[in-house]
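Undergrad: Got a structure here, written out as C-alpha cells. Questions coming.
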Amino acid sequence: MENLIALLIAAPLLGAAVLLVGGRRLDAVGHWIGTLLSTVSFVFGLILFVDLLGKGAEHRTLIKHLYSWVPVAGFQADVTFRLDQLSMTFVLLITGVGSLIHLYSVGYMEHDERRRRFFGYLNLFLAAMLLLVLADNYLLLYVGWEGVGLASYLLIGFWQHKPSAATAAKKAFLVNRVGDMGLSIAIMLMFTTFGSFAFGPVLNHAGDASEGKLTAIGLMLLLAACGKSAQVPLQSWLGDAMEGPTPVSALIHAATMVTAGVYLIVRSGAVFNAAPDAQLAVTVVGAVTLLFGAIVGCAKDDIKKALAGSTMSQIGYMILAAGLGPIGYVFAIMHLVTHGFFKAGLFLGAGSVMHGMNDEVDMRKYGGLRTYMPVTFITFGLGYLAIIGFPGLSGFFSKDKIIEAAFAKGGTEGWILGGAALLGAAITAFYMTRVMLMTFFGEKRWQPDENGHEPHPHESPRVMTIPMILLAVGSVCAGGLFSIGDRFLHWLEPITGHSEGNSPLSAAAVTGATMVCLVIGVGIAWAQYGRGPVPVVAPRGSLLTRAARRDLLQDDFNHVVLVRGGEHLTRSLVYVDHTLVDGVVNGTAAGFGGLSGRLRRIQNGFARSYAVSMFGGAALLVAATLLMRAV
Amino acid sequence: MSFPLLTATAALPAIGAVATAAVPAAQRTAAKWLALLVSLATLALAITVLVRFDPDGARYQLTESHAWIKDFGVRYDLGVDGIAVALLALTALLIPFIVLAGWHDADPLETGSKRWRPTQGFFALILAVEAMVIISFEATDVFVFYIFFEVMLIPMYFLIGGFGDRAHEHGEKAASTQRSYAAVKFLLYNLVGGLIMLAAVIGLYVVAGNFSLPEIVQARANGSLHMATSTERWLFLGFFFAFAVKAPLWPLHTWLPNAMQEATAPVAVLITAVVDKVGTFAMLRFCLQLFPEASKWATPAILVLSLISIVYGALLAVGQRDIKRLVAYASISHFGFIIMGIFAMTSQGQSGATLYMVNHGISTAALMLVAGFLISRRGSRLIADYGGVQKVAPLLAGTFLIGGLATLSLPGLAPFVSEFLVLVGTFARYPAIGVIATFGIVLAALYTLVLYQRTMTGPVKPEVSAMPDLRARELVVVAPLIVLLIFLGVYPKPVTDIVNPAVKQTMTDVHKTDPKPSVEAAK
C-alpha cells in the first residue's frame, strides 16, 4: 500500500514529463493524457483513503522511504513520504478538485494552440503540490514548495506574449521567493536546534527546545506561509496572478498553492503550540489579511480580481484559525476543504461567464446573465451562498467554527480577533452579493467592442459545466457532511490535537451574530447594486474605494520603495564597480608595478607584447630563483 | 609499475593539443573532429579514474611519484582525493561540450576583417587548458601545482584575446581593442596573484625543505615541522591571494566580467566553470591543509568578503545590460557561496562547496552556452535587443529557462542541493552570515527571471522574428547538461559519496568538529 504513495506523485509527474518533452506529436491527445493521469492520481488517493479508514484512528500513518537523497556528515535528507489524516485530506482535495479543473480546461483551452503544454504545466502543479503535502521532512517539502512556485510561474505567465502576464508571473515567483527565504531559514534553525529537519524528530521534540528558538522557527515558517498563501505583507502577487488562464486561478486558489501556507502551519503545530508569540503573530496576520482581502474585494470591477480578494480574505480566516492553536487547527483545514469546493466552483463559473462574453472581465459590462447561462448561474449561485455562509451550506459550518474559536482565545485578543472575523463575514456577504448582482441580475450592459462584435452570451459546453455542477454539490453538502457527528474533527484530531476553548459567547450567540452580519452585508449590497441600475463607468468613489481599487496602495509602496529604490541601488553599484572597485584595485597595483598606467597603454596596441614580456619576466624570475637555490 | 593513469589523463589532451595545432590549415573540419575525439577519450580516462577511485580507501589514490629537480626536492607527485576526482571528472565532462558548442566560433570570416582566425589554434588551446587544469587537480607537489597554475594563463590569454563574438555593436576594430583589454586584464590580475604566490611557495620551501603536500601536512600534524604563527599567516596570505584572484573573490573580481563578456561563450564557460575552479579547489587543498591555524585566523575576514561577493555580485547582475556580463556577475555571487562553504569549516559547508563547484560548472555551462547560441543568432549581447524569442524559438527559450532555474538554485535541480548545504553549514557556525547570504536566493531569482522576461517573453521583436530554433548540434550540447542537472538534483549521492571522506580528512586537518544541535535527543 505504501508504494501507492509514490505512485500518487509519479502519475502527474509522468504526465508533465511526457507532455512537455513529447512535442507536437501529442498535441491531439495531450489534454486527455493530462486529465487521465490526474484522475489516476485521484483514484490512488481514494484507494489509500479507504485503506486508512479501515485502520484504527491511531494507526493511520503510512511511511514510505524511497531513497537517501542528500547524505553528508551530520546532515541527512531522505526522500520519504508520510501519509496521515492531514496529508490524506490534502491529497483528496488536490487530486479531486484538480482533476475537475483538468476536465474543465479541456473545454476552456480548446482554441489555444499550446493546450498540450498547458496540461503539462497543470500536471506539474499537481505533482509539486502532492510532494509538498506528502513529504516527511521539511527539505523535501521545500522541493514541492518551490515546485509549486515554478508551476505557478509557468501558468500565470502562460500567455507570455502579453507583457502583463510575463510581469505577473515574475512577480509571483519573486514574492514567493521572499517567503521561501523564511522556509530556508526555518529549516536551518531546525537543523541547528534538533540536528534534523524530519517531521518526527522536530515535532516530537519541539517541547525540548528553548522558546526563543521555537519562536524564531515559527516566525520564519509564518513568513514562508505569507508568501505562498498571499497573506499580508506578501499578498501583492495574488491579484496580478489573474493574468493566467482562469482554470489556473481556480487551481491556485482552491486546490493548490495558497493552501500550502495553512498546511505548513498546521503541520508544524507542535512548534507553534510551544511558541505563543509566534502564534499571536499568525493570528494577527490572519485577521489583518481577512479584512484586507475583503476590502479589496469590494472595490474591484474585474470579476476575477474580486474573487482574488475574496481568496485572500478566506485564507486569512484559515491562517487565523491555525494561529489559535489546537482549538483552531481542525477548523482551519475544514474551511480549507469547503473553500476548495466553492472557490473552485466560483472561479470556473467566472471562467464560464468570460467564455460566453468574449473574455470580458469587467462586471460593469455584464448584467442579467442568469437567463443566458442558467447552469453557470445556478452553480455560481450555490458557490456564492456557500461562501457567504448561508445556513446549511458548507461555508456556514466551517466559518462559524472559526469565528467561535477566535472569541474563545479569550481576553482582549479574543474580542479583537472575533470582532475582525465577524466584520469580515459582513464584508464577505457584501462583496459577493455585489459580484452576484452585477453579473447575473439587472439589465444587460454589454456593448459591441471597437470591431463591432457584440458578445453573444451562451452556456458553456458540457465538459465545462459538469465540473461546475460537481463542485456545486460539494459546496452545498461538504460542510454538513463534515460537521454532523463531528466527523471531520474525529478524523483529524489524532494529528492536530484538539481542545475546546472557553468562549465568552455561546455558540448560538456567535451564530446569531454571524447571521446578523450576513443580512447587513447582503442588504447594503442590494441597496447599492440591486435596487437601481449599475453604472457602466465606475463612479469616482470614496478615498477608501479608490485606495482599495489599487490594492490599498501596496503596489504603489512596492514600486516606490522596492522597484525604484532597487533600480537606483543597482545602477549606482554598477557605477561603483566600474570606477571605484576596479579603479582602486588597479590603482593599488599601480603602486607596486605601475599596473594602471600600463593598462591604459593597452589601448595603444602594445597589449600583446607587453603581456608576453610580463609573462617572460615571471618565467625569468622562476628560473632565477631555481638557479640561485641550485648554486 | 602500474599504468600511470593520472599522467595519461593529463597527457592525452596535451598531445591532442599539439596534434590539433599541427593539422594543415585547409583541414579545419578535421581539426575540430580530432579535438572532439581527444576530449571524449580524455573523458573516458577520467571516468576510468572515477571508477578506480575508492572513496573509502587511502586519502590520495592512483599516486605516481618521480624525482624531478632533486636539488630542490621538487617531485613529480600526482594523486587524487575525492574532491580532486570530482573536479577532474567535471573538467573532462565539460570540455567536449565546450568544443562542440564552439564548433563554428573560430571559422575564418568570409568577408570584412582580414584577421586570421586559426581554427586549429582555437581547439588546440582549449585542449591545452584542459591538460593544465587536470594536472593542477592531480598535483600533490606544491611546485608542480604552481607551474601549471601559472602556465595555464598563456593559452587562456590567447583564447580570450584572440577569439570573440562575431558581431559587435561598435565594429570589429573596437571589438578587438576591448578583447585585448580584457585579455591583458585577465593576465595581469592573475600574474600578480601568481607572483605573490611564488614568493609564498619559495617561503614554504625555506621553512619546510620540500614541496610535498602530504609530507608537509604530516610533518605539521606530528609536530616535527614547526611554523611560527606569523610565518604561517604570511604564507597563507600569499597562497590565498592568488586563489582569490582566480576564484574570483570581491574585490579582486573585476577582470572576470570583462573576460567573460569579450570571450566567446564556450571560452567564457571554460573560464568560469573550469579554470576558476582551480582557485577554489586550491583553497581547500592547499590553504586549509598546509596552514590550518592561519586559515582559522583569516576565517572571519574571508567570510565577510565572500558574503559581500554573494550579495554584491547578485546586485550587479541585476543591473547589467549585457547578457554575458550578467552571467559573469552571477558567477561572482556563486563563487562567494563556494568560498563561504569552504571557510565555514563544517562538514556540510565543505561538502556543499565541493558539490557547488561541480554543479555550478554544469549549470553555468548550460546557461552560458544557450546564451551563446542566442547571441550568435542576433549578433548582439545586449538584453534590450531581444524580446519574444519564446514564440519563435521555444526550444531555445525552454533550455535557457532551465539553465536560469538552475542558476537560481531551484529545488529539484543540482545547484539547490549544494547551495542549501553551504547555507546550512555556514548557518550552523555563523547564523548571522548564513541569514544574510540567504538574501542571495531572492536576488538570484530577480536577475534570472528579469533576464528571461526581457529576452524571451513579450511581443516578438522584428529583428528576432526569423530566428531559427536550436539546431541538432546545439541540442546535443544542451540536452545532456540538462539531464545531468536534473539527475544530480534528484540523486546527488554518487558525488557526495566520493566527496564526503575527503571532506572529513580536511576537517581533521584543520582540527574542527561540527557544532552540536542544542536538542541532541531529537536525532
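Yeah, the Cβs are placed from backbone N, Cα and C, and that goes for glycine too.
Worth saying up front: this structure is predicted, and the values here are computed from it rather than measured.
Pulled these features from TrEMBL for this protein:
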- B:1-21: signal peptide (SIGNAL)
- B:31-51: transmembrane segment (TRANSMEM)
- B:78-103: transmembrane segment (TRANSMEM)
- B:123-149: transmembrane segment (TRANSMEM)
- B:139-443: domain 'NADH:quinone oxidoreductase/Mrp antiporter transmembrane' (DOMAIN)
- B:186-208: transmembrane segment (TRANSMEM)
- B:234-255: transmembrane segment (TRANSMEM)
- B:267-291: transmembrane segment (TRANSMEM)
- B:297-319: transmembrane segment (TRANSMEM)
- B:326-345: transmembrane segment (TRANSMEM)
- B:357-375: transmembrane segment (TRANSMEM)
- B:395-418: transmembrane segment (TRANSMEM)
- B:430-452: transmembrane segment (TRANSMEM)
- B:472-491: transmembrane segment (TRANSMEM)
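A description of the local structural setting of each listed feature is requested, covering burial, neighbours and distances.
TA: Below 8 angstroms of C-beta separation, residues 72-73, 142-143, 146, 149-150, 153, 156-157, 160, 215-216, 219, 225, 227, 231, 234-235, 237-239, 241-246, 248, 252, 255, 258-259, 290 of the same chain, each at least six residues beyond the ends of the transmembrane segment (B:186-208), sit close to that stretch.
Same-chain residues lying 6 or more positions outside the transmembrane segment (B:357-375) and placing a CB less than 8 Å from one of its CB atoms are 86-87, 89-90, 93-94, 97-98, 101, 165, 260, 264-266, 268-269, 272-274, 277, 280-281, 323-324, 327, 330-331, 334, 338, 381, 386, 389, 396, 399-400, 402-404, 406-407, 413-415, 417-418, 455, 470, 474, 477-478, 481-482, 484-485, 488, 495.
Listed as Cβ neighbours of the transmembrane segment (B:430-452) (distance under 8 Å, sequence separation of 6 or more from its ends, same chain) are residues 303-304, 307, 310-311, 314-315, 317-318, 320, 323, 326, 329-330, 333, 336-337, 340, 344, 383, 397, 400-401, 404-405, 407-409, 419, 423-424.
Remote same-chain partners of the transmembrane segment (B:472-491), defined as residues 6 or more beyond its termini with a Cβ less than 8 Å from a stretch Cβ, comprise 97, 100-101, 103, 358-359, 362-363, 365-366, 369-370, 373, 395, 399, 402-403, 406, 411-417.
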Undergrad: Using a Cβ distance cut-off of under 8 Å, indicate which of B:123-149, B:297-319, B:326-345, B:395-418 has the most pairs with the transmembrane segment (B:267-291).
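TA: Checked against B:123-149, B:297-319, B:326-345, B:395-418; highest Cβ contact count belongs to B:123-149.
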Undergrad: Other than its close neighbours in sequence, what residues sit by the transmembrane segment (B:31-51), given a CB gap under 8 Å and a spacing of at least six beyond its ends?
TA: 5-6, 8-9, 12-13, 15-17, 19-20, 23, 62, 80, 85, 88-89, 91-93, 95-96, 99-100, 103, 119-120, 123-124, 126-127, 130, 134, 498
Undergrad: Are there residues at least six beyond either end of the transmembrane segment (B:395-418) with Cβ under 8 Å to its Cβ atoms? List them, or say none.
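TA: Distal contacts: 327, 330, 334, 341, 352-353, 355-356, 358-360, 362-364, 366-368, 370-371, 373-374, 389, 441, 444-445, 448-449, 451-452, 455-456, 467, 469-470, 475, 478-479, 482, 484-490, 492.
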